[in-house]
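K.L.:
For reference, the structure I am asking about is given below.
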Amino acid sequence: MSVPSSLSQSAINANSHGGPALSLPLPLHAAHNQLLNAKLQATAVGPKDLRSAMGEGGGPEPGPANAKWLKEGQNQLRRAATAHRDQNRNVTLTLAEEASQEPEMAPLGPKGLIHLYSELELSAHNAANRGLRGPGLIISTQEQGPDEGEEKAAGEAEEEEEDDDDEEEEEDLSSPPGLPEPLESVEAPPRPQALTDGPREHSKSASLLFGMRNSAASDEDSSWATLSQGSPSYGSPEDTDSFWNPNAFETDSDLPAGWMRVQDTSGTYYWHIPTGTTQWEPPGRASPSQGSSPQEESQLTWTGFAHGEGFEDGEFWKDEPSDEAPMELGLKEPEEGTLTFPAQSLSPEPLPQEEEKLPPRNTNPGIKCFAVRSLGWVEMTEEELAPGRSSVAVNNCIRQLSYHKNNLHDPMSGGWGEGKDLLLQLEDETLKLVEPQSQALLHAQPIISIRVWGVGRDSGRERDFAYVARDKLTQMLKCHVFRCEAPAKNIATSLHEICSKIMAERRNARCLVNGLSLDHSKLVDVPFQVEFPAPKNELVQKFQVYYLGNVPVAKPVGVDVINGALESVLSSSSREQWTPSHVSVAPATLTILHQQTEAVLGECRVRFLSFLAVGRDVHTFAFIMAAGPASFCCHMFWCEPNAASLSEAVQAACMLRYQKCLDARSQASTSCLPAPPAESVARRVGWTVRRGVQSLWGSLKPKRLGAHTP
């Protein structure tokens, strides 16, 4: 016969007060955690004790039997006493305590089987009536004969004794020590208390908080299914003890990113979602608990707040006040790493001292100053500055100088200012280069004379600035390259603003001069709200040539006229007498400029060009212009390597101008002609009517159209 193990203290008290005072050899109280263990639900009375109670021969002595019963009862008392302190509902008993309690056991008298069964039946009924927290298990409420009880006890005695001994050994080795308490004070706790009893220990880690429910899942689930088959009114441990309720997770704005506050029966703790680590203290405070496992420390080092080697618990977060400081450093790294050379001040002294030594930098608000380092200059040709090629040529110069200047502090021989720290100032329509220490003016370049400027387009060249201008002494086109402390687009934007201002001032001055010569009485008031369209810049092509001069010719057209003029000039002059110049071809104007002085040698309107051709020599080119009534002039050029590009450009300009004239003439003919008088309209209508009548009658009279036209 198996003995029930789910009887509580209330059942035993009711049994002791409701009947005669009995001295029970077996304490029948069982803790709630024994109901969740599959191995303990079939705990049986030792076969030797049953044989002695039934009076069978060959049984053991009364003393050892009573000691066995008392030992089992005290073990159950210890398990019940420590149930509210064990988080995983494990039986808490050690071998040392078991050995220490054995000498204190007092021998009790043997009991008969019938008397023992009556006590068990009465206790089971009382436990069911009082509605215990765990479902009471009644073995049988029917009467059973002595023979049936003897057969069942004899068949199960040996197996139950072996299971009981193995179970006690496993529980003693795996459970923490617990102290027994009096029987009257043992009660099933209303809710399992995992981490709230007593002060919190720092040795609790994430495995304790997150692994409670999975530590004994198989045994717990199977045992509960067996115990609750007959009592559906009670809930399961999952229902009565919910660690994860909907309100358990809280997010707070005070917590750093990635942290969450969790509240459950164990208390309030903080969970770092990316790494999976937990801690009792808020993450924004001094340091984590001392119980952080080595695995948790290795996960914390992944965030990059410290080096990869090991740290002590007290030293790991010592130098890090918060999680925001490393983020600020991470934002600064891409900005400092954009340059290929080390980030350093462009002057030997720190920048604050340099600013103190340079008071004029910020005194005049009209001066824009930029700290730069000269990389030198590269000579350029006029062909490289042609439209569509200038940006590529300037970028090649930047690439050529910046890639070969690995050490910027080593000055190179060649041009002025090479490898030096300079101040680039934009003042009064002038670009100035000033020595930082002595404020000495090294170079001044009028902004209006700068041909091209640009910023490096390659990756890492955003701080390289270059401009192209003609040298005053050598008349050579030079591309000066600088490396700026700030992004070079600031200089380019400032230059663009200054050029726009200069062009606006010149436009206003030209309008003022023209306005003085106009009759103000004929001017029409224009409202100020009207927005005039911005003028479009025409495409200008420049070609470097030798200007042979111009001669008057008799006819405006003819290849023989051009060939005769070219032969006469080539035979009468030498190459040294030819003037180096360049021709600017625009859709409206052809301009001939001196290559060195940029003086205008000739300017011709495309609308007055009458004929153009290439001479017998492919290097020669000439065109004829109308200089006045019955006066024509032939301009001649020597081109390298041939005159094909120049002739095509002039021809394209002529065709474009001719097309514009046609467009303007067609619009004027449709919209600008005055309306015909009424008399002319009447004559035209009458003529149309007469013509219709004549066509009907088949008249073949000739029509005089000129007489009837207005």
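The backbone N, Cα and C atoms fix where each Cβ goes, glycine too.
These came from Swiss-Prot, pasted as-is:
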| type | residues | note |
| --- | --- | --- |
| COMPBIAS | 1-15 | compositional bias 'Polar residues' |
| COMPBIAS | 145-173 | compositional bias 'Acidic residues' |
| COMPBIAS | 223-234 | compositional bias 'Polar residues' |
| DOMAIN | 253-285 | domain 'WW' |
| MOD_RES | K204 | N6-acetyllysine |
| MOD_RES | S459 | phosphoserine |
| MOD_RES | S517 | phosphoserine |
| MOD_RES | Y547 | phosphotyrosine |
| MOD_RES | S610 | phosphoserine |
| MOD_RES | K701 | N6-acetyllysine |
K.L.:
Through the lens of DSSP with three states only, how would you label S610 (phosphoserine)?
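P.N.:
DSSP assigns S610 (phosphoserine) to strand.
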K.L.:
Sequence gap of 6 or more, Cβ distance under 8 Å: name the residues on the same chain that satisfy this around the residue listed as 'phosphotyrosine', in order along the sequence.
P.N.:
W578, T579, P580, S581, I592, L601, G602, H635, M636, F637
K.L.:
Across the domain 'WW' (253-285), what are the DSSP residue counts per state (helix, strand, coil)?
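P.N.:
In the domain 'WW' (253-285), the DSSP-based counts are 0 helix, 15 strand, 18 coil.
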K.L.:
Count, for each of the modified residues S459, S610, the other C-beta atoms lying within 10 angstroms of its own C-beta, and report the residue with the smallest count.
P.N.:
S459
K.L.:
Quick one: average pLDDT across the domain 'WW' (253-285), no decimals.
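P.N.:
Looking only at the domain 'WW' (253-285), pLDDT averages out to 80.
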